[in-house]
Structure formats: structure tokens, C-alpha cells
Amino acid sequence: MVEVEEKHYTIVKRNGMFVPFNQDRIFQALEAAFRDTRSLETSSPLPKDLEESIAQITHKVVKEVLAKISEGQVVTVERIQDLVESQLYISGLQDVARDYIVYRDQRKAERGNSSSIIAIIRRDGGSAKFNPMKISAALEKAFRATLQINGMTPPATLSEINDLTLRIVEDVLSLHGEEAINLEEIQDIVEKQLMVAGYYDVAKNYILYREARARARANKDQDGQEEFVPQEETYVVQKEDGTTYLLRKTDLEKRFSWACKRFPKTTDSQLLADMAFMNLYSGIKEDEVTTACIMAARANIEREPDYAFIAAELLTSSLYEETLGCSSQDPNLSEIHKKHFKEYILNGEEYRLNPQLKDYDLDALSEVLDLSRDQQFSYMGVQNLYDRYFNLHEGRRLETAQIFWMRVSMGLALNEGEQKNFWAITFYNLLSTFRYTPATPTLFNSGMRHSQLSSCYLSTVKDDLSHIYKVISDNALLSKWAGGIGNDWTDVRATGAVIKGTNGKSQGVIPFIKVANDTAIAVNQGGKRKGAMCVYLENWHLDYEDFLELRKNTGDERRRTHDINTASWIPDLFFKRLEKKGMWTLFSPDDVPGLHEAYGLEFEKLYEEYERKVESGEIRLYKKVEAEVLWRKMLSMLYETGHPWITFKDPSNIRSNQDHVGVVRCSNLCTEILLNCSESETAVCNLGSINLVEHIRNDKLDEEKLKETISIAIRILDNVIDLNFYPTPEAKQANLTHRAVGLGVMGFQDVLYELNISYASQEAVEFSDECSEIIAYYAILASSLLAKERGTYASYSGSKWDRGYLPLDTIELLKETRGEHNVLVDTSSKKDWTPVRDTIQKYGMRNSQVMAIAPTATISNIIGVTQSIEPMYKHLFVKSNLSGEFTIPNTYLIKKLKELGLWDAEMLDDLKYFDGSLLEIERIPNHLKKLFLTAFEIEPEWIIECTSRRQKWIDMGVSLNLYLAEPDGKKLSNMYLTAWKKGLKTTYYLRSQAATSVEKSFIDINKRGIQPRWMKNKSASTSIVVERKTTPVCSMEEGCESCQ
């Protein structure tokens, strides 16, 4: 049993009294319930099995109680009994639980007839029950105001408050017994006990507060406002300048009424005012009142998604007050906003803005600012912008959302010459309507003095000590300005290789990767988020088996890298050996020159030549392993640690547009960027994503609108290259020479919901194909037309574009090296590509690469859509990031359930109980269950096939997460082999089900009659028919945000 030092823990009885927590009473209550249910005599000893059961349940309840007390929660007797009841059900003891509930109801009725309650005489002559919890609450408010506590009250302070409350209650009882007592007398006792305990400052503030309240009751407001009603509780609020004012609940009701005006049928301003008022205290700061209001709205999002817009409205109004000095209700808001924008830009050098922004026509730009677009944001979007994206000066935010979008747009149009005002307005209208969003580094830095706008950097590390540390130093510089990094380490010699200069033996690549890991965590991204990188190693490297274990939680910490990502760079030959159950040879790179640069049939020829040198004794440092054994170890580590990710070397190179000027040696932090890198070039890519949701009209893609969006987006991405601040000369050289950009998408799952298409269907596959083809068509065309205006990129001559290849054409090249049976890719198309081919032949291309689908974790949160091409993770879950925790309900699901009359508190409890899944909720129709399958309920083949259809059109890669609901080695192997055969170039995270789930202790299992899943004989999900497409598979047995 959990040992409890009882003097340190108190709980609250039903009459409000604080008493010591006594775990023996839980055991005794459980014993009584068991004896009653099992008809056991009180005098007879308990059977051993029952005694053990009672002890186990007591242990679990005590553990939960202590956890809640340690978090600063006030635990009541009722709450403990709820926990006991819940644990009885979880333990399968429903009969005991029922008797326990009956016993509780009887005791409740008996208590209702009791008359031994002290009465308080209020100031208006009325009476109320004496409640010590109100004393405790008043004390806590006084302590918080005096000690200037923000956030949760520290446990030590709560303990002091509990002790004081006990002494005050004892005084009240000893002085008055069961007689009625005046409220003023209780407050006198509170003052006395504060002084006796030595809390003089708290007592002083408490006395001043009582005097202020007395004056407010005695006098009318001097400005002619209505008199404070004595019965209405008020709080003293401290303004930033030190002055104070009194706040009533009716004041909060007015604030919430304004915020809720757009949603009168779905939101309740009175409810929010009640909730917010409960969290106030005397002496509270003005910004804490705003926080309490926002938290009240935020707490209701899970049951009604419209509260996300209420919370956003409240935060936006607070932002206006901070930035503009007026609230959202000010009739002159628009004019104040325009004036502030112009002053902000004109004084921008003081605020780290690019001084060239002053050269714009600020009057014209200010007229375009549209504050009504702020209403598009949900709470998560505004909070993300507020916490990390808006420009700050001495702790004060200088931007509203619309000024932020305009600052970014102005920064992106600086190279547009005489047309820069036109393009700044055009860019603003695109960004502020959520049609397209640049990646986070661009949002951070566009229009700023140091305009580092690029998302991804890829570099290779040479087998030379000075170059190793140069790359590590470069990593620090790149990460400082919010870039995500991919490092190729394959060229560094393996453990045991001879160092010719010293005649010593190399320690291999692992110690150097450890140094890179420590550098990544030492440099955070512009002070706004953690630095992030991914290291790549080909799986023929002799240190590869050690590389597999870099993310393990056990072993030598000097050979562990817990803070960076790892990825395997795998040639096709390995999978061919795996298919034939052949052997695989590991080499030190210094013994096999040219192997890392080779791919396809050339790699196979060279690799086999080196294997013959092993047999002849020319190469002595090597290791032979069974390909199948190594593959199992790769998958085992992937499942255990989430790393190394699986990426495919040959399709990344064979299908590369730039095969004439180098080799793709690795991918980036999020595995979607595939660019050449070398000792003289650090590959750079600039990212942005189209919001598909804004391009659906009449239940189909609006092709004309999408064409316009893509054309402007490609222009923005190309501008980034010329406007960018380059931390290293190698990055500048690569970006200006090849001008790679990565246009992606987000909101794919949202669109499927709007079109009533299940992700697990052929319809989703076809839509993925159609959508990707349209985007590729207009993206390539836009880059070519931009070449007409601005000229081709420097290394265009000899590229695949120049040789007449489009991305779709390169699949045939992959088939030539792999064999058609290993390239199971649909190559159909619907559009006539002749105009695109003719335009490229005539004008060339402005950008070497044009498309890549990044994860978009952050920017999709800003605009309120699902990430990238990801399926819905859960229909109700809590998301954590640097801005805090956010409850995420699936608004599309709730809308459907409302239409069917099924959305209620019970359904919300069901969603929590079943961890955000619908499959076992009996009253949800099967057609909705199929439409709203979560990521772990969709067979991986569907996700892979949808991605395969995209990948055929995309010239770089797709950041693709894969999901595995249960540990299954064969299924895991088949999943990745299918991805390889389906032509994917890379994969990203392997997501597995978390061991934890939604908090269920507040769910009344008995009342709702939920049958726990462990008691089910037949799942409600067994009647669902999910369309599945047969895919040939092998039968072998068994978070960065730079791209976001």
C-alpha cells in the first residue's frame, strides 16, 4: 500500500471541513462493501483473495488521490468515493460497486435530514451554510495577490492555507458552537489568525480589501454608474500602471456576450462568465482576468467546437489592447489599426524590421488590411501566432494578425521593383485568406533585418576532421536562424579503420554524431523553438548496426543521441538481397571509394566488385550479415525507438531532375526534400503549402482558383531565394545555382470529410491522384512561365527538364533498374500535358525542383486544418506544443453527429472512453464509422497507395507517417516493403498506439452502462465493411518544425 504521511495531506468533507487524509478508511469502506455483497459476517476473517483485492484497489485509489493532491487539487470525500467506484468497475467487481452506490445514496439521504450545520448571517440579513472551503478560497486569493503568484498555487502555499483554514474553523466552532455567526465575525477571525501565524503582509492586504469592499457597498460610483449590489461578489483588479478597479460578474458577462455574438445558438456567455469568475481572486492582475476568460472558453471546446472561436475572439481582443491600446469593441478600431501599422513600419528599424519596408506606399497597404479576416482563426491559430510569430519589443507584441500577414508579404515582395506594392497586396490577400501559407522560417523572418526564410538545409560530411567540425559549426549557424538540417555521414570511415596520418585506429562515425547531437540542443532556433536535425547513414556502412541503436534508452550514453533524428539511406540492392534471402556486406567507406555516390545498376556493379575484393582478401575490414537478420533489426529498432526512419536512395536519385550535376546523398529533417549536396554546396529548399480546404467549391476542386494560388505561391517561393539571408556561403551557392522550391499541401483529410470520402477507399486514392496531378501541372507551368520572365536557373542545361523528362516520365527509368515487378506504380494521367512540355521546351524552368509535401504541423494549426496529407489521428485528443495543450475535437464529426441528433454529453464521454475512436460506439451509424476512421484504423496500404499516386507527380518527396495499431513484425515488414515497391522515395515517423489514454475518472460507467472493451464478446465494429485493395507484399516472417 502507498504510505502516506497523514499530517501533510488534507481532504474536504461534505460540510466543507478540512480533515487529514486517512487511507485506512478507504480499506475499511471497501471491506464493508465486500462483506455486505458476499454476505460475510463482520467477525469472520476475510478470505485471502478478497483481502488482496481490497488492498490492490485501495493502493490504486490512494495513488490517484496523492497524485491529485500533489498537483494542487482540492480532493473531496465525494471525489475519493468516485475513484473507489471507478476502480471497482475497472477491476470487474460490478456487484460490489452496485452495493457501494446504494450505500452512498442511503448515506446521502441521511445527511440530508441532519440539522447540525452552522448558519452564517449575511450582510443583507439572509443566511447561508457555513462553508470552510470559502475561507480557504479567500485565503488563497489573498496569498496569491500578496505573493504575486502566477499560474498554479505552489503546494507549499496550499499546505499553509489548509493549516490556517483548520485553525480558523476551530476558532469558529469553539466560539460559536452551533449558533449562527455573522460574516464580519468570521472575517475578524481570519485577520487574527493571519497575524498570529506571522503573515502580516497578507493580513494587511486582506484588511485593505475589506475596507475597499465596504466603501463600494456604501457609495455609488462617482461617474454615475449603477451601484454595486451588496450581494454581488466583486474582485479588486490591478491594472498595469498600478491602479485598481472592482470587477463584477456582470462585467464578465458583457465581455463574453460580445465574444459570443457570432454563435448565439451554440455558445453560452452566462456559463463562461460563471466559469471565469470562479478563477478570480482579489488583487488579480488585469491580464490574468483575460487568461481566466480564455481558459473558460477553451475548457468548453471539446463539447462545442464554436468555443474555439470565442477563445480566439477573446485573445484577439486582448492582443488589440496590447498592440493598439484599444479593444475589439472600439468603434474606431479600424482607423487606429491603420495608424499603428504605418507607425510600426516607419519606426521599424527600432523593432528589427528591414528598413526597406519604409519604401512601400504605406497608405495604400494600410487600406487593404482587413480585420474581419481575424475571425477566420480558431483559438489554436491565434495562440500559436501570439506565442511565437508576432514581433516583440521589450515584451510587448507589435503586430496584429493582419499586420503580421502584411509584414510577411512586404518582405516577400521587396525584389519586385516598381510592382512591389501590387505584389505585396497580392501576397497579403493570398496569405490572409488562408489559401497558401509559407513555412515557419519565412513567417518568422520575412520583412525582418535578418531574413532567413529557407526551411531545409542538407549537407554531407567528408572523411576529414576539419570538415567534420566545419559541418557541425555550420549546423549551429543554420539552426540559429530556424533552419531544419539533414546531415549525410556515410563518407566518415568506420570503427577500426586505419588513420594514415597517425597510424591509429578510427573510433568511427558514432562519436562525431554525438557531438552533432549536443550542438543541436545547444542552439535553439532564433530563441523560438528547439533546433532540429536528422542524420543519415547508408545501411552498408560498417558502423550501421551501432547507428541503429543511437536512440535506445539503454546502453553507453556516450554512444546515444536522444535529441536528433536518425534515418537509414537504403539502396535498392538491399531489398533485392532481402527478397532472395541473401547476404549483405558492411564496409568502411574509405575501403569502397565511389560507392556512396553510385546508385541504381552502377551501385550494384560496384558493390559486387567490392564484395569480390573481400573474398580475395583485398578488403579486410568488413562484416557479412544476412539481409533478413539486418532488416529485422532495422524494424525492431524502428518500432522500439521510432528510428532510424526508412528512406530509399535509388528512387531519390534515379528520379532526380538534377542527376547531371551531382548526387542526392540524404534527405532533410522531415524526409521530403531530395537535393544534391557536396562539400562545396549545402542544399537549400524553401517551402510553403496550399490549403486544399479553400479550393473546394460545389463538392469538387476549384481548378481555376487553385491555378491562381499556385502561380502566386511559386512566385513567392522563388522570391525567397533572392531575398534570403544565407548563414553559410555553401548554402548561398547551392540556392542561387539551383533555385529549388517545395510547394506542398495541407488539409487533405478535411477535404475528404467535406466530400464524404473515406480515407480507406479507392475514391480517396483517385482524389489524391487527381488533386496531385492538377497541382503538379500548374506548379511546373508556373515555374516555366516565371523562367520566361526571369530566366532559367543556372544549372538548367542538361537537367531532366532540359532533356524532356517530367516527373511522371521518370518512373520508367526506375523500372529499368529495379524491374517492373518491383515498381507497382499507377502511371495513368487525366490532363493533357502537351502545353506544359511545350512551355518548358520554349522557356525552360526557373526552379530545379518545384514540389515537396512537408508535414505542416505548425502552419496547419495556425489556419485550422489537418496536417499535410495525414489522416485524422483521433477524433478527440490533447495536442501539446510550445504554446501549451489544446483540446482537438473533430469538428466535421461533431457536425455530422449534430445533424443526426447524436451529439451530447454522453457521446463526448464515449469518445473519451474509447480513446477518440468511433468503432465501438454502438449508436453511431456504420457509414459514419467508415468515413471517420482514425489513422490507426486505416490499413496502411491505403495511406501508401494515396502517397504513391502523389509521388508519381512530385519531383521531390512526401513526408509520410505510417501507423501501426499493434506490434506485428510481419505487418511492419510488409508495410515498408509495400512503400518501396509503390515507388515512395522516403518515409517519416512510424506511429504506434500510446500506452496512455484519455482521462476517464470523471466518466460515470454505472450511469451510462458502457461495457468496457475487455468485457466485449463482439465489437460493434465487426459489421463495418471497409473496402480493401489487394497489394502484393513480401511474406517474410517476423516533431522540428522547420518544414512546418
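Positions of Cβ are set from backbone N, Cα and C atoms, glycine also.
What Swiss-Prot lists as active site, proton acceptor is Asn668, Glu672, and the listing cites similarity to another entry. The active site, cysteine radical intermediate annotation in Swiss-Prot covers Cys670. Summarising the annotation, Swiss-Prot assigns substrate binding site to Thr440, Ser455, Cys456, Gly484, Asn668, Leu669, Cys670, Thr671, Glu672, Pro855, Thr856, Ala857, Thr858, Ile859. Annotation source Swiss-Prot lists disulfide bond at Cys456-Cys685. Feature annotation from Swiss-Prot assigns domain 'ATP-cone 1' to 9-111; the stated evidence is sequence analysis. Annotated domain 'ATP-cone 2' per Swiss-Prot: 118-217, in sequence order, evidence recorded as sequence analysis. Marked as domain 'ATP-cone 3' by Swiss-Prot on the basis of sequence analysis: 235-325. According to Swiss-Prot, the feature site 'Important for hydrogen atom transfer' maps to Cys456, Cys685. Positions annotated as site 'Allosteric effector binding' by Swiss-Prot, on the basis of similarity to another entry: Asp463, Arg493. Sequence annotations record features per position, and here Swiss-Prot assigns site 'Important for electron transfer' to Tyr988, Tyr989. Annotation source Swiss-Prot lists site 'Interacts with thioredoxin/glutaredoxin' at Cys1040, Cys1043.
Structure coloured by features recorded in Swiss-Prot.
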{"residue": "Arg493", "record": "site 'Allosteric effector binding'", "contacts (Cβ under 8 Å, 6+ apart)": "Asp463, Ile499, Ser506, Gly508, Val509, Ser588, Pro589, Asp590"}
{"residue": "Cys685", "record": "disulfide bond", "contacts (Cβ under 8 Å, 6+ apart)": "Ser454, Ser455, Cys456, Leu458, Asn668, Ile673, Leu675, Ala740, Val741, Gly742, Gln849, Ala852, Met956"}
{"residue": "Tyr988", "record": "site 'Important for electron transfer'", "contacts (Cβ under 8 Å, 6+ apart)": "Trp645, Cys670, Thr671, Glu672, Pro855, Ser959, Leu960, Asn961, Leu962"}
{"residue": "Tyr989", "record": "site 'Important for electron transfer'", "contacts (Cβ under 8 Å, 6+ apart)": "Gly642, Trp645, Asn961, Leu962"}
Neighbour-count leader, CB within 10 A, binding-site residues: Thr856, Thr858: Thr856
Count of other CB atoms lying within 10 Å of the CB belonging to Cys456 (substrate binding site): 30
Max pairwise CA distance, angstrom, over record-listed substrate binders Thr440, Ser455, Cys456, Gly484, Asn668, Leu669, Cys670, Thr671, Glu672, Pro855, Thr856, Ala857, Thr858, Ile859: 18
Tally of DSSP helical, extended and coil residues in the domain 'ATP-cone 3' (235-325): 51 helix, 11 strand, 29 coil
Where Cys685 (disulfide bond) sits in the secondary structure, as DSSP reduces it to three classes: strand
Mean predicted confidence [pLDDT] for the domain 'ATP-cone 3' (235-325): 92
Neighbour count (Cβ, 10 Å) for Cys670 (active site, cysteine radical intermediate): 34
DSSP three-state assignment for Cys456 (substrate binding site): strand
Secondary structure content of the domain 'ATP-cone 2' (118-217), with strand meaning DSSP E or B: 70 helix, 8 strand, 22 coil
Greatest C-beta neighbour count within 10 angstroms, which of the recorded positions Thr440, Asn668: Asn668
Reduced DSSP assignment, Thr440 (substrate binding site): helix
Residue with minimal Cβ packing [other Cβ atoms within 10 Å] among the recorded positions Asp463, Glu672: Asp463
